[in-house]
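Visitor: Structure in structure tokens, see below.
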Amino acid sequence: MIIRRIDIENFLSHDRSLIEFKGTVNVIIGHNGAGKSSIIDAISFSLFRKSLRDAKKQEDLIKRGAGRATVTLYLENKGKIYVIKRNAPNQYTSEDTISELTNDTRRTIARGATTVSQKIKELLNLDEEVLKSTIIVGQGKIESVFENLPDVTKKILKIDKIEKLRDSNGPIKEVMDKINNKIIELQSLEKYKNESENQKIQKEKELENIKRELEDLNIKEEKERKKYEDIVKLNEEEEKKEKRYVELISLLNKLKDDISELREEVKDENRLREEKEKLEKDILEKDKLIEEKEKIIEAQNKIKLAQEKEKSLKTIKINLTDLEEKLKRKRELEEDYKKYIEIKGELEELEEKERKFNSLSDRLKSLKIKLSEIESKISNRKISINIEELDKELQKLNEDLNNKNQEREKLASQLGEIKGRIEELNKLLGNLNQVKGNVCPVCGRELSDDHKRKIQNEIIEKLKELDELNKKFKLEINKINGLISELNQIINKKSKEKDIAIRNLADYNNLLTQQQELRKEIEEIENEIERLSIYHEKYIRLKEEEKNLKPKYEEYLKYYDVTEEKIRELERQKIELEKEIEEIMNKVREYYNTDLTQKIRDIEKRIQEIKGKENKLRELDTLLAKIETAKQKIKQNEEEIKKLTDELQLLNFDPNRFQQIKREKEVLEKILGEINSKKGELLGKKEVLENDIKRLEEQIKDYEEKLKNKQKLITAYDKLKKLREHLAEDKLQAYLMNTVKSLVEDSLNSILSRFELSFTRVEVDFNDKNGIYAYTTSGQRLPVNLLSGGERVSIALALRLAIAKSLMNEVGFLILDEPTVNLDEYRKKELIDIIRSTVEVVPQIIVVTHDEELLQAGDYIIRLEKRGDSSKVEVINND
């Protein structure tokens with residue numbers, strides 16, 4: 001599997017970059033900060049949605065000023081092209097895709113961040129931990145694979161997760177503790193179950209005793225109940241007799257009292273009949289009096305009607321005079337009314353033009369004020385800064401800044417070489433001090449004590465020289481850093497001046513444009529106002545005439561409804577009323593000078609006297625009717641008394657015997673009450689016991705249900721315990737480490753056989769932190785830290801590839817980020833040779849560097865440089 005291409009948009013320092021990888025060894029070169037490592041970050045982000053740098057949030061990966069970043073990676077695997085597209089920030093994860101490219105046609109395989117990551121692992125067999133620990137090599141970290149090799153291997157193999165799994169605080173132990181707690185809980189439940197069963201047996205015995213006691217009470221109750229029913233029946237019969245006895249006595253007494261009262265009422269019958277005959281004679285005069293009263297009232301109403309009509313006649317005469325005067329005034333105002341209507345019509349026609357005239361006048365006034373303000377701003381605005389001169393100054397300053405950056409990078413590179421040389425000499429000095437015997441650890445030749453001391457002294461002298469150079473270069477770099485800081489400040493200041501000048505120029509040009517537009521609009525409005533002024537003058541003149549005529553117009557409207565027809569109608573009404581009044585007066589002439597009201601009062605007084613006698617007559621009729629009724633009632637009551645007396649004799653009721661029966665009934669009720677009370681008490685106890693037994697049965701059933709799982713939990717606990725033991729270091733972990741050790745060693749030695757090295761084989765010990773050993777041709781076993789720099793780099797690269805190949809079957813590419821950091825010239829040349837040799841093992845190598853010497857190793861060169869705040873890509877050659 002190899003990387004064919006990556007497209008970067010708004011990612012870190014890249015605006016829009018398209019990088020193709022066409023060579024076997026692709027060298028990406030550029031100054032520090034040019035955006036080289038950003039390409040490796042983009043590859044990592046494409047594969048795992050994570051960059052290699054420590055970005056706290058995905059927004060940090062987006063280029064400043066942009067809202068979204070997109071990275072598209074093209075991979076070739078087994079003859080197929082896969083396109084992986086990733087987006088940042090997280091709100092765009094749903095747009096992540098992986099597609100298969102066939103004949104320029106894309107077929108989307110998966111969509112969404114999580115699904116795409118799973119598909120990459122499934123299709124390409126890429127593991128994030130393995131890649132980042134082996135074939136993606138960070139800056140100056142080629143040999144870091146030697147450090148803590150067991151820990152690195154465990155991390156790659158996910159053994160650290162196995163250790164966490166079986167840890168005393170891990171998930172297996174946590175589950176075991178939960179199961180054990182459950183087993184302890186079930187043991188307590190078993191104890192509670194036994195207690196519940198004992199309680200159930202005890203309560204069942206109590207229930208049987210209560211049932212027997214209830215049976216005895218039921219027998220006694222049945223016997224007493226029969227006695228009670230007999231006495232109740234007898235008591236009910238006596239109660240009925242008593243009730244009827246009381247009713248009969250009460251009725252007899254009442255009937256006797258009623259007869260006495262009725263006889264008192266009948267004694268005045270003869271006197272009342274004589275009084276009735278006398279009243280009937282007096283009442284005959286009433287009808288004549290009523291007839292005379294009605295005639296008088298009719299005459300009285302007609303006189304009132306005549307008086308009302310005379311009032312109406314008077315009102316009509318007044319209205320008639322008023323209307324005649326108003327009609328005369330209306331005729332005088334008619335000409336002014338017509339003139340006002342005519343002017344009103346003309347004003348309505350001119351209204352729209354007048355509104356337009358006023359609107360344009362207001363607009364003209366507003367525009368002239370605005371024009372005056374803009375002309376004042378133009379006269380106060382001064383454009384004194386030359387933008388072209390500022391551009392030239394900024395260009396010169398940026399060139400100076402780039403020169404200083406290049407100078408600093410060159411010094412930093414030389415300083416790195418010095419540090420690398422110092423480190424190598426210190427290691428060599430340390431190795432010489434550790435050597436036992438007289439054999440050189442590097443070449444295997446004989447080494448005398450004098451020769452050893454001579455080498456040590458030479459190394460110490462060389463270290464002193466290098467230390468002086470180190471201090472000198474640091475001072476130079478600090479001096480250049482100061483100059484770079486000053487240049488950056490000047491550039492920022494000039495950039496701000498340029499931005500202000502551009503804004504001022506834009507504002508000035510905008511004001512000139514506004515001035516021209518306003519003048520044009522003012523001219524157009526003035527022309528239109530001049531055209532409308534003739535209508536405006538006419539409108540003002542007519543408005544004045546309208547104002548003068550309006551009072552007469554409004555007065556005319558008051559008389560608008562006054563017509564000759566209305567006057568003629570009033571005259572007709574006047575004649576009719578005069579005729580009607582004359583006819584009425586002719587009919588009531590006989591009553592005209594009489595006091596009709598007094599006459600009516602006299603008649604009414606006599607009628608009232610007669611009505612009083614009528615009322616008295618009605619009262620007498622009522623009394624006589626009552627007397628007849630009373631006479632009949634006396635006869636009925638006497639007959640009823642005879643019947644009731646006969647019934648009382650037949651009833652045969654004895655009050656003393658009735659009281660004896662009641663006492664016997666009360667005694668039996670008390671006995672039955674005591675029995676029922678005892679039964680209620682026993683039934684309550686019975687219900688409580690039955691509920692307790694039912695509850696205990698359910699409780700026991702629940703305990704039994706829960707205890708079913710006890711054996712399963714014990715079995716599960718034992719299995720987890722065994723699993724935790726098997727996951728220990730001396731079992732599964734040891735098996736995994738030994739299996740991988742064999743695969744890695746075979747692959748490592750197979751790869752190293754293609755390099756020209758002075759040892760026969762290399763051994764890996766994952767239990768040793770420095771567990772890499774090389775065997776010389778003489779069979780000597782040397783730790784990796786005693787080997788030369790070139791040999792260590794060769795083994796480090798081979799080990800990385802071997803681990804990756806063992807865990808991912810196939811390794812298609814190797815990425816080296818700034819591999820020459822801290823290397824001197826000699827070790828750089830060694831690295832170039834090693835890279836060339838590595839091509840035989842891995843089909844694609846990508847080298848990121850600022851070191852021009854590494855161009856010798858590449859067959860496809862990609863150069864990056866920083867322009868402003870953006871990285872720019874340029875392909876140099878493809879030899």
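Glycine too: its Cβ is placed from the backbone N, Cα and C atoms.
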Visitor: Name the residue, out of Gln118, Gln139, Gln699, Gln711, that Swiss-Prot lists for the same ATP site as Asn32, Gly33, Ala34, Gly35, Lys36, Ser37, Ser38, Leu786, Leu787, Ser788, Gly789, Gly790, Glu791, please.
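Guide: So the ATP site in Swiss-Prot includes Asn32, Gly33, Ala34, Gly35, Lys36, Ser37, Ser38, Leu786, Leu787, Ser788, Gly789, Gly790, Glu791 plus, from the candidates Gln118, Gln139, Gln699, Gln711, Gln139.
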Visitor: Taking only the residues in the coiled coil (342-436), give me the average pLDDT of this model.
Guide: 84
Visitor: Tell me, by DSSP, whether Asn32 (ATP binding site) is helix, strand or coil?
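Guide: Looking at the DSSP assignment, Asn32 (ATP binding site) belongs to neither helix nor strand, so coil.
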Visitor: Across all chains shown, how many C-beta atoms besides its own are within 10 angstroms of the C-beta of Ala34 (ATP binding site)?
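Guide: Taking every protein chain into account, the count is 22.
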Visitor: Looking only at the domain 'Zinc-hook' (394-492), how are its residues distributed among DSSP helix, strand and coil?
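Guide: Across the domain 'Zinc-hook' (394-492), the residues distribute as 85 helix, 2 strand, 12 coil.
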Visitor: Rounded to whole angstrom, what's the largest C-alpha distance between any two of Asn32, Gly33, Ala34, Gly35, Lys36, Ser37, Ser38, Gln139, Leu786, Leu787, Ser788, Gly789, Gly790, Glu791, listed as binding ATP?
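Guide: So the maximum pairwise Cα distance among the ATP binders is 37 Å.
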